[in-house]
Structures are given as C-alpha cells and as structure tokens.
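Peer 1: So that we are looking at the same thing, I have put the structure below in structure tokens.
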Amino acid sequence: QTNLFVFLLGTNSAFHGVEFLPEDLGEGLNKTAMRVNEKYSSLPAEEKGIHIINIRAIEDIGYIQRESTLLNSLCQDPDANCKHGLYFRDGKRKVDYILVYHYKKSSVSKTLTRRIYHNDSSARSIKQDHQLPGTGGHLDVGESETHMDYHEDDKRFRREEYEGNLMEAGLELERDEDTKIHGVGFVKIHAPWNVLCREAEFLKLKMPTKKVYQINQAHGLLKKINSVIQKITEPIQPKVAEHKPETVKRLSYPFSREKQHFNVFFSSILLIQVYEILKRTTCTKAKYSMGKELYVGLSSTSFSGITSLLANGVYSAAYPLHDLLCEEWASYGVFYKYQPIDLVRKYFGEKIGLYFAWLGVYTQMLIPASIVGVIVFLYGCATVDENIPSMEMCDERNNITMCPLCDNTCSYWKMSSSCATARASHLFDNPATVFFSVFMALWAATFMEHWKRKQMRLNYRWDLTGFEEEEAHPRAEYEAKVLEKSLRKEYIHKKTDKEKLTWKDRFPAYFTNFVGIIFMIGLTFAIVFGVIIYRISTAAALALSSTPSGRSSVRVTVTATAVIINLVVIIILDEVYGCIARWLTQIEVPKTDKNFEERLIFKAFLLKFVNAYTPIFYVAFFKGRFVGRPGDYVYIFHSFRMEECAPGGCLMELCIQLSIIMLGKQLIQNNLFEIGIPKMKKLIRYIKLKRQRSLDHEEHMKKKQRYEVDYNLEPFAGLTPEYMEMIIQFGFVTLFVASFPLAPLFALLNNIIEIRLDAKKFVTELRRPVAVRAKDIGIWYNILRGVGKLAVIINAFVISFTSDFIPRLVYLYMYSENGTMHGFVNHTLSSFNVSDFQGGTAPNDPMELGYEVQICRYKDYREPPWSENKYEISKDFWAVLAARLAFVIVFQNLVMFMSDFVDWIIPDIPKDISQQIHKEKVLMVEVFMKEEQGKLQMLETWKDKDMKKGENCNNHSPKLSRSQSGSMSSCHSYHIDV
C-alpha cells in the first residue's frame with residue numbers, strides 16, 4: 001500500500017506533461033488497478049485504472065516521484081458518487097477550474113434545457129455566436145421573454161465575450177446548467193498541456209529537471225544521532241513517501257519549452273497558471289440591441305480579469321475543485337504525527353503550506369516551554385508550605401485587623417481570611433517566575449530564528465530561493481475608482497492621461513480610518529471602565545449580605561463574574577472589529593490584494609490586540625495603584641471608591657483574568673466558532689437549496705456533481721483569521737507569562753487540535769482556495785517580532801510592579817533583622833487610626849469582629865498616625881520604587897542583549913542549505929555549458945557536411961559558370977539557429 005498514490009494531474013491521458021507510457025509501465029498500471037480497494041468502484045469507467053499507479057514504475061523511467069504524487073489515501077467521502085464531476089463529459093479532460101453564474105430560467109427554457117454533448121471541434125468562439133459545449137439553452141430566453149432585465153442581459157453578453165476570450169487563450173470550456181441547484185450555471189475549465197507550458201514559461205516558474213545531484217549528508221557522530229532520532233520519531237511520521245528524508249535533489253530551473261529535461265506540473269502550480277489566465281483575460285462591454293430598445297455599454301471600458309467580473313456580479317464564484325482528502329493530515333486520529341507539509345503545499349500552494357508549516361513549528365516549540373512552565377508551577381506547589389509571607393498571613397495568632405474595603409457597609413476584617421488567596425499566589429509568584437520570564441524571552445527569540453531557518457529550508461526544497469513577487473494585478477474596486485476619476489476628468493478637462501489614486505483622493509478615507517480606529521479604541525476603554533464600575537458596585541452590594549460566607553467570598557465572586565463579562569465582550573467585539581477593519585480597508589481602495597491584506601491585518605491586529613489585552617493591562621498595572629488611603633480615598637463620580645488589590649497583591653487576580661480569557665477564547669472562538677459557524681452557514685444554504693429543489697422534481701432527481709458540492713461550501717476568506725488567533729495566543733503565552741506559567745501548556749493542547757481542525761476545515765468546509773506562491777509569512781513575521789520585544793518590557797514591569805518579588809528582595813537585604821522573610825507582611829502594611837475616618841465613611845457596625853478596633857492596617861508604605869508627618873509616603877516606598885525601576889532597566893537590557901545574541905549566533909540560512917544552493921548554481925552552469933558545447937559541436941558537424949557536399953558539387957560540375965556554381969552550392973546550405 002505504501003507504493004500506491006493518488007494523481008492530481010489530468011490531461012488527455014490523465015497526466016499533465018506525460019504523453020506516452022512505456023509497455024512495462026502500462027503493465028504496472030493494469031496490475032495495480034486490479035488491486036484497487038472497493039471504495040473506488042463508484043468511479044466512472046473512464047477514471048478506473050488512471051489515478052492509482054505504481055510509483056516505482058514511474059521512478060524507473062526517470063519521472064519525478066515527488067512531483068507526480070499528492071496524497072496517499074482518501075478519507076471516506078460522503079459524496080463519493082459525484083467523483084465523476086472532476087472531469088468533462090468525455091471522461092478524459094480534467095476540470096481545473098469552475099466559474100459559477102446565476103441566470104433567470106424561464107418555463108420555456110426549462111423544457112429546452114438538456115445535456116448536449118459536443119466534441120472538441122465544436123467548441124468555437126462565442127464571438128461567432130456559437131455556444132460552449134454543454135447546456136446552453138438559456139441563450140434563447142430573450143426570444144420568449146422580451147421583458148428580460150437589461151442588467152441580467154448585459155451580464156450574459158459579458159460572460160459570452162469573456163468565455164470566448166478564454167477559449168482564444170487556449171483554455172477548453174464546457175457549460176453545465178442542468179444541475180440540482182436552481183438558476184445556477186457552471187462553466188468547467190480545462191488547461192491543455194501546451195497552455196500550461198506556455199504559462200509556465202511566461203511566469204518563469206522554476207521546475208525540476210532530470211539532472212540530479214547528491215545532498216550533503218551528516219557524517220560520524222552526527223549521522224548516528226540523526227539515525228537514532230529518525231528511529232525514535234518514526235511512529236509519529238506521516239505514512240507518505242515524500243516525508244522520507246531525501247539523499248538526492250533534482251536541479252530546478254525556470255521552465256522553457258525548448259528544454260527537454262523538464263517534467264510534470266503538480267496541482268498548485270497548475271492552479272496558479274489557470275488563475276493567471278483568468279486574471280489576465282479582459283472583457284470589453286460593447287453595445288448591443290435587445291428587441292426594439294438599445295442598451296448602451298461603455299464600449300471603451302476594459303474589465304481586467306475574473307476579479308472585476310466577480311466584483312460586478314457577472315460571475316458569482318470562481319474556484320478550483322477539491323478532488324481528495326488526506327487521512328494522514330485532516331484527521332484527529334493523527335494528532336500526534338508530523339504534517340505532510342510538502343503534500344499540503346502541492347495541494348494548496350506555498351502560501352497556505354507556509355501557514356501550516358509555521359503553525360507546526362510554533363506548536364513544536366511550545367513543547368519545551370510547556371515543560372519548563374509545568375516545572376515552575378510544580379516548584380511553587382512544592383514550596384508553598386515553606387513560604388514565610390503566606391504562613392504569616394494565614395496565622396490567626398498575628399491578629400492583623402484590616403481596614404474596610406468599602407464605605408459604610410463594609411466592616412473591618414481579619415487578614416487570615418485571605419489565606420487561600422495568599423497560598424495560591426505563591427504558586428505563580430515565586431523566585432522561579434523570574435527565571436521563567438527570562439527563559440520565555442529567549443524562547444521567543446529562538447523560535448523566531450528557528451522559523452527563519454525552517455522557512456529557508458522550505459524555500460530551498462520548494463525551489464523558491466530565487467523567487468521574487470511580481471507586481472500584482474490591480475483590484476477591481478481600485479480599477480472602478482480610477483475609471484470613475486478618469487471619466488470625471490475627461491468630462492471636465494478633456495484629459496486622456498492614465499489616472500491613479502493619490503493621497504488627496506484617499507484623504508476622506510484616511511480621516512475616516514483615523515476617527516474610526518480612535519472611536520473603537522475609546523469604546524474598548526469605555527467597556528472596561530464599565531466593568532470596573534460593575535466590580536465596585538457589586539462588591540459593595542455583596543458586602544450587605546447577611547451570611548458570613550457571602551461576605552467572605554465577595555472578592556472571588558466579583559473577580560469571576562467580571563472576567564466572564566470581559567470574555568463575552570471580547571468575543572463579541574472581536575467579530576465586530578473584524579468587520580469594521582475590513583470596511584475601513586475597503587474605503588481606502590488599496591491598489592493590489594497584497595496592499596489590501598497588509599492594511600487589513602494592521603487595523604484588525606491593532607483593534608483586536610487592544611480588545612483582548614485592555615482588561616489584563618488594567619489588572620496588571622492600574623488596579624490598586626490609585627486607591628488613596630483610609631480617610632482620603634479616590635472616588636469615581638464621587639460615589640464609587642476605587643478597588644484595591646488583595647493583601648498578597650494583584651498577581652493572582654491577573655492569573656485568573658489571563659487564564660479565563662485565554663482558555664475561553666481558545667475554546668469558544670477558536671474551536672466552537674470555527675466548527676459551528678461554517679456548519680451553520682452550510683446548513684442554511686442546504687435548506688434554501690432544498691426548498692428550491694422541492695419546486696422542481698426533475699432537478700431534484702439529478703445526480704450531484706463535484707462542483708455542485710463545492711459550491712455549497714463556504715468561500716475561502718484568506719489566512720488572516722487563522723494567523724490572527726495564533727498571534728493573539730502568542731501574546732498570551734509571552735506578554736504576561738510571569739503571572740501564568742501554564743499558558744504555554746494550554747496553548748500547546750489547543751494547537752494540537754487547531755492543526756487538525758484547520759486541516760479538516762480547509763478540505764471539507766471551505767472551497768479550495770486559489771494557490772498563491774509566497775516565500776515567507778509576510779507582515780506576520782514583523783508582528784511576531786514586535787510582540788516578542790514587547791513581551792520583555794511587559795514581563796519586566798509585571799515582575800517589578802505587579803508581584804511582590806522586588807519588595808521581598810528589598811526587605812530581605814535592607815530591613816530583615818535575621819536575614820529571613822519573617823516580618824515581611826507587617827513591613828508592607830501601614831497603620832490607620834479609625835478616628836481619622838471622614839464623616840459618613842466609617843463602618844456601620846464597628847463591633848462585627850467582637851471587639852473595638854482603634855488601629856486598622858492597609859497595604860501601603862506610609863507614615864504611621866503617631867508620626868509627625870502622618871500618612872505621608874515613607875522612605876521605604878522610595879527605596880522599593882528605586883529597586884523596581886532598576887530591575888526593569890537591568891532586566892530589559894539584559895534580556896534584550898541575550899535575545900539579540902541568540903539572533904546573532906544562529907545564522908538565518910543553515911550552512912548546509914547555503915552550500916546546496918551554491919552547488920546547485922554551479923551544476924546549473926555546467927549543465928547549460930554542456931548544452932552549448934553540444935550545440936557548437938552539432939553546428940561544426942553540419943558545416944563540415946555542408947563543405948563536403950559543396951566540394952562534391954564542384955568536382956562533378958567543372959564547367960559551370962560562377963553564377964550557376966553559386967546557385968548550386970547554395971542549394972546545399974542550411975539556416976541554423978543556435
């Protein structure tokens with residue numbers, strides 16, 4: 001079974017670029033076809049024995065194994081009977097692309113619509129009023145319905161012209177309107193071999209040649225280590241031949257039809273070629289008459305390609321077909337295995353292949369981070385009973401009475417009541433946390449360097465080392481805007497120069513973008529502020545509870561409910577901000593798809609970053625900082641007192657906030673939404689189509705085609721949502737990791753599922769996207785680097801200002817009498833005389849604890865009430881502040897230096913890859929030098945033959961005149977091109 005693979009390549013003989021097969025290969029095909037599993041028995045007769053072949057036979061005749069195969073097995077397809085929809089009705093020509101359009105189908109045309117088969121010779125130009133092969137009955141509707149909408153009629157004429165231009169470009173088309181989907185027509189497109197060769201040469205695609213060379217292999221100890229690693233990881237390798245390590249590589253060079261050493265095209269390259277033709281082919285809307293009235297179009301307007309036609313509604317969709325699913329990739333049962341990235345790239349193209357490769361590297365790098373995070377957490381669990389500050393807080397014999405948490409309704413309380421919070425805080429706030437923060441900063445730098453090296457290896461393996469992106473086609477919206485501007489200027493100034501959009505044209509859009517983004521950020525801050533008001537008011541309300549248990553759980557209840565509210569708001573605003581960011585980008589009218597994508601990414605990331613992290617930033621850096629002191633608290637709206645941190649600090653609350661938001665987003669938004677929303681949309685479309693089909697029993701009984709199944713899938717909307725959720729998660733893992741060491745572990749568990757979820761979504765829930773060539777992940781790499789640098793700064797401030805790490809160090813080395821942490825809690829608390837309460841703010845029940853309280857304690861560094869400068873900030877505060885700022889500076893610069901050192905010491909291009917690239921260039925020069933030498937030798941041979949023939953001619957004709965002799969010798973000369 002390991003020698004059986006599925007071909008994605010189909011022309012007249014089902015193989016792109018293979019025009020004949022030797023006899024021994026034909027016998028191999030016949031023998032292999034007899035061993036085909038019964039699940040392929042539903043295929044048409046024309047397809048049996050074509051797709052399943054013995055790869056070793058192809059390898060024996062010199063064809064490239066890795067360029068000819070794609071996936072090694074099929075998933076159980078619920079629509080197995082529609083596999084024949086992958087071909088034209090002759091069963092030989094493979095459907096490479098599908099165009100979909102809507103049309104109005106009258107009662108007359110329904111009876112006339114039938115499947116009419118035409119051979120290739122009948123496929124003539126539409127401009128000559130000939131229909132495409134297939135169903136075309138709706139073209140006569142205008143005779144039976146004179147009241148047809150001219151707008152629909154215009155679309156039909158433009159489709160005819162465009163499809164005629166495609167046929168002139170060499171593509172083969174076949175129309176099908178006799179489908180189960182009412183009012184929807186399909187145009188099947190096939191690219192012949194000669195068209196693919198022409199496009200490959202035009203696009204300068206690098207293709208593998210028959211020339212092979214040896215790849216440098218490890219020697220000695222390194223070779224043994226690699227062998228051991230391969231044996232250990234063998235169970236987690238996908239069972240596909242192309243994932244095996246290669247010892248030789250084929251020389252690649254830009255395709256040329258003159259060279260005879262190039263081989264077949266694989267699937268994603270084929271789709272790129274077809275899509276380039278679709279984008280390049282133009283359509284000019286001309287004047288035409290309908291009945292007695294005249295519809296006048298823009299006769300001088302040229303609509304460039306399929307993008308403009310889709311934007312104008314001439315076609316409703318354009319997509320390639322899914323033709324197989326992979327059990328070794330899009331299955332949850334193989335979650336523990338590596339991905340077959342090379343096969344993913346061949347099926348979806350380099351851009352999507354790079355995304356899954358990046359996601360795999362990121363998930364792999366989370367393993368060591370998760371292990372270290374778990375060790376740090378276990379260290380906190382092991383040392384919690386030895387932590388002196390938490391033991392002092394839990395000791396009821398200390399009899400520390402704390403000041404009320406709110407005015408009037410709240411009473412005095414014992415510090416020992418927050419014992420559980422203090423012990424839990426030590427799990428995350430311990431000396432190992434600092435080490436883990438440094439480790440994660442270096443981990444982020446190592447991850448970026450590792451990805452750059454991996455990306456370079458993929459570029460070398462995928463023949464992208466010399467790839468440069470060409471200028472993309474303008475977007476349809478941009479062309480329409482330029483056309484509008486040029487028509488306006490031509491009408492006013494009679495100018496005919498080619499126009500383009502300037503910053504003056506875009507200024508209203510830029511201003512709208514600026515105002516809109518500021519408003520959205522302000523809205524996020526307003527919602528966070530509203531949650532703060534909720535926390536304060538709810539805490540005051542719960543303090544009135546008559547039960548002691550209700551009053552003791554106020555802090556936990558308020559924190560949990562507020563975090564859940566934040567989570568719900570974040571999820572809702574994420575969807576809203578995504579739509580707003582797209583709308584703001586659309587009104588800017590970027591010129592190319594790349595510009596559109598980069599601007600969209602910037603806006604969406606800015607809004608979603610602020611939305612996701614604003615509540616966390618509040619807890620980490622603002623909560624408890626502007627409270628004031630007893631007798632002089634800070635109030636909001638003169639009513640709500642600012643909330644305080646627990647005696648153990650805000651780090652535990654930050655941990656709760658971070659964990660709930662991170663896990664909630666991963667579970668609800670990243671998983672349930674990704675599964676549920678596409679299935680819900682698919683169900684809605686299915687119900688609508690079922691209602692339409694129920695009106696026409698004849699259409700309901702028709703056989704479902706593959707392109708009809710794919711039409712019901714969700715259109716591919718780009719990789720921005722996939723990258724965005726991973727970048728936000730990367731922020732959770734790195735930005736506040738000092739407060740939650742288990743974040744890498746939960747990210748790892750999520751990503752293991754995410755890889756297979758995305759894979760399944762791409763092959764079962766989404767239409768097959770257009771293959772796009774790319775050599776890197778684009779702007780996302782810069783965002784990752786920015787988040788990694790920001791993480792160093794934020795973790796430095798979290799350790800310094802949110803945790804008690806610095807105050808503990810200051811106390812240990814400056815104030816401790818015996819060099820231990822005994823007395824630290826008392827050192828961090830200040831005293832307040834209850835007689836200094838402002839009027840109306842003292843507790844209503846001062847005797848709730850059973851005794852009269854004269855001095856209460858609060859967390860701050862201030863002078864005691866018996867001091868001359870009572871309640872003023874003490875010198876201890878300034879000592880701690882200086883230590884905190886010094887730690888931020890030292891930590892930030894030290895970690896930045898270490899990160900840059902890691903960046904410098906690890907080369908971006910692996911040494912073996914740079915050597916192989918150099919070797920490939922040398923070999924390529926040798927190959928073409930040999931070709932040139934062979935041509936010169938052939939030229940010399942022909943010249944020698946020509947001279948000998950001329951001499952023989954002179955010897956046999958001695959009496960000829962000069963003119964006759966010249967004419968006689970010229971008859972033996974040849975015109976030779978080198």
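Using the three backbone atoms N, Cα and C, a Cβ is placed for every residue, glycine included.
Quick paste of what TrEMBL says about this protein:
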type     : residues : note
DOMAIN   : 87-341   : domain 'Anoctamin dimerisation'
REGION   : 123-143  : region 'Disordered'
TRANSMEM : 261-278  : transmembrane segment
DOMAIN   : 344-920  : domain 'Anoctamin transmembrane'
TRANSMEM : 355-379  : transmembrane segment
TRANSMEM : 432-451  : transmembrane segment
TRANSMEM : 510-536  : transmembrane segment
TRANSMEM : 556-580  : transmembrane segment
TRANSMEM : 600-621  : transmembrane segment
TRANSMEM : 726-749  : transmembrane segment
REGION   : 947-978  : region 'Disordered'
COMPBIAS : 952-972  : compositional bias 'Polar residues'
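Situate these features within the shown structure.
Peer 2: Long-range neighbours of the transmembrane segment (355-379) within the same chain, counting only residues 6 or more positions beyond its ends whose Cβ lies under 8 Å from a Cβ of the stretch, are 338-339, 341, 344, 427-428, 430, 432-433, 435-436, 439-440, 443, 446-447, 450-451, 454-455, 458, 719, 722-723, 726, 730, 733, 737, 741-745, 747-748, 751-752, 754-755, 758-759, 777.
Counting only same-chain residues 6+ beyond the ends of the transmembrane segment (432-451), those with a CB under 8 A from a CB of the stretch are 358, 361-362, 365, 368-369, 372-373, 375-376, 379-380, 733-734, 737-738, 741, 744, 781, 784-785, 788, 791-792, 795-796, 798-799, 803, 805, 891, 895, 898-900, 902-903, 906, 908.
For the transmembrane segment (510-536), the list of distant contacts is 503, 558-559, 562, 565-566, 569, 573, 577, 580, 584, 587-588, 603, 606-607, 610-611, 614-615, 618, 636, 640-643: same-chain residues at least six beyond its ends, Cβ to Cβ under 8 Å.
Remote same-chain residues near the transmembrane segment (556-580) are listed as 516, 520, 523-524, 527-528, 531, 534-535, 538-539, 542, 604, 607-608, 611-612, 615, 653, 656-657, 660-661, 664-665, 668-669, 721 (criterion: CB distance under 8 Å, separation of at least six residues from the stretch ends).
Listed by sequence, the residues of this chain that lie at least six past the ends of the transmembrane segment (726-749) yet keep a Cβ under 8 A from its Cβ atoms are 359, 362-363, 366-367, 369-370, 372-374, 376-377, 428-429, 433-434, 436-437, 440-441, 444, 605, 608-609, 612-613, 616, 620, 651, 654-655, 658-659, 661-663, 665-666, 670, 780, 783-784, 787-788, 790-791, 794-795, 798-799, 802-803.
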